[in-house]
Amino acid sequence: MVAVAILAAGKGTRMKSQLPKVLHRLGSQTLLDRVLASLTPLNVDRCFVIVGYQGDRVRESWAHRTDIEFVEQTQQLGTGHAVQQLLPHLKGYQGDLLVLNGDVPLLRGETLEALVSGHQRSGAAATLLTAQLNQPKGYGRVFCDATSRVCEIIEDRDCTPAQRQNPRVNAGVYCFRWPDLEAVLPNLSTANDQQEYYLTEAITYLDPVSAVEVADSQEILGINDRLQLADSFRILQERIRQQWMLAGVTLVDPTSITIDETVQLGTDVVIEPQTHLRGNTVIGNNCSIGPNSLITNSQIGDGVTVQMSVISDSTIAANSKIGPFAHLRGAAAIGEACRIGNFVEVKKSTVGDRTNVAHLSYLGDATLGQRVNVGAGTITANYDGVSKHPTVIGDRSKTGANSVLVAPVTIGQDVTIAAGSTINKDVPDGALAIARSRQTIHENWSTPTTEQ
């Protein structure tokens, strides 16, 4: 059995933000989201989040999770004091307690799994996660006895110059045998530089204490300011990019590309520079995406090309070509082998297979059939100032350049709309619709000038 305590009560003053530190986003998730997600491999009995500064906002962000118990730390008097708040909640509990910090978002689930399983195999009263750092400044140092058992943890600010030379640091992640920790928590003191209750002091009262060293020291990096937040984002993206390149995806200029963990990519996909893939985006096989494109929560079929475009909450079927400079949004659905070209916006519309919308058009609340050709400058005028109205264009119909379709309106199959027309009435199948003023010519016209 293992219970979990996530320490999330700090003010995070170095973030210089009105937002609680654990609610700052690292990619697609908050810091607290990521810490909670790392618990997935574990069989957790109870999960506590200890809150303090702006605790109500932290609670609100996870109000949908009934498996999380929030515990208030009204005064921020140190990590030991935070865990003391669990005493009334875990009275009589006989399992282990895993303690994490809410601002250490890069820990992998398998690392926590190794820590907990190692602790339970060893029979130790406490097991801590450690790392070897080339620049350990700011981290507590871990000191072991001749048998390699942990005997002391000294916070960086309390270390002597000689003690600061020790590269083995405390990651701030612990697994305790709860009955043992419960017995010593009341003994913690504030006899230190910060006059706080350090959880690390409990180590001096417990025996035996073991350690598990993390293989990748980047996992333990904490976030205290915006610089560290940016550095953690870089590390996270390196992980994701490496994963996809090893899986058969080509990333041209990888450091200019960002990909959320929730994105799924097929094989032989090429991602060009300055492309950003977010949310629950799925991209099929043999696609070329970018450069300079943003795709969010969208499904892209096999063989699709996207250039310099913004796509959100939309679907694109196989072998279609999007862009450059297209904008698809609001549940746009593009069929197979379509072309959505330069400066075209498609919003809440369905475009049938092999339909071309090549340039300078807006399709809103529209349904287009198959093999439709939309001329340059065609606009669906879908909004009357109060409500949105639909436009329907049947199979194989064509709209001439600079046409305006005033919704609600239905264009039948095999219809031709003459260039420059403003259509505000339904057009039957097979018809030619012309709705423009007749051209007149005045020969020998003298253009007026301002000269008298």
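All positions are counted from 1 along the displayed chain.
Positions of Cβ are set from backbone N, Cα and C atoms, glycine also.
Note that this is a predicted model, so its numbers are computed, not measured.
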Check Swiss-Prot: it lists Ala376, Asn382, Tyr383, Ala419 as binding acetyl-CoA. Then name which of Arg436, Arg438 it lists for that same site. Arg436
Can you name the residues of this chain that are 6 or more positions from Lys21 (UDP-N-acetyl-alpha-D-glucosamine binding site) yet have a C-beta less than 8 Å from its C-beta? Gly10, Lys11, Gly12, Met15, Leu31, Gly102, Asp103, Ile223, Asn224
Which of the binding-site residues Ala9, Gly140, Arg329 has its Cα nearest to the Cα of Asn382 (acetyl-CoA binding site)? Arg329
Is Asn170 (UDP-N-acetyl-alpha-D-glucosamine binding site) helix, strand or coil when read with DSSP? strand
Span of Ala376, Asn382, Tyr383, Ala419, Arg436 as binders of acetyl-CoA, largest Cα separation rounded to whole Å, comes out at 22
Can you give me the Cα-Cα distance between Ala376 (acetyl-CoA binding site) and His359 (active site, proton acceptor) in Å, rounded to a whole number? 5
What is the total of other Cβ atoms whose distance to the Cβ of Gly140 (UDP-N-acetyl-alpha-D-glucosamine binding site) is within 10 Å? 22
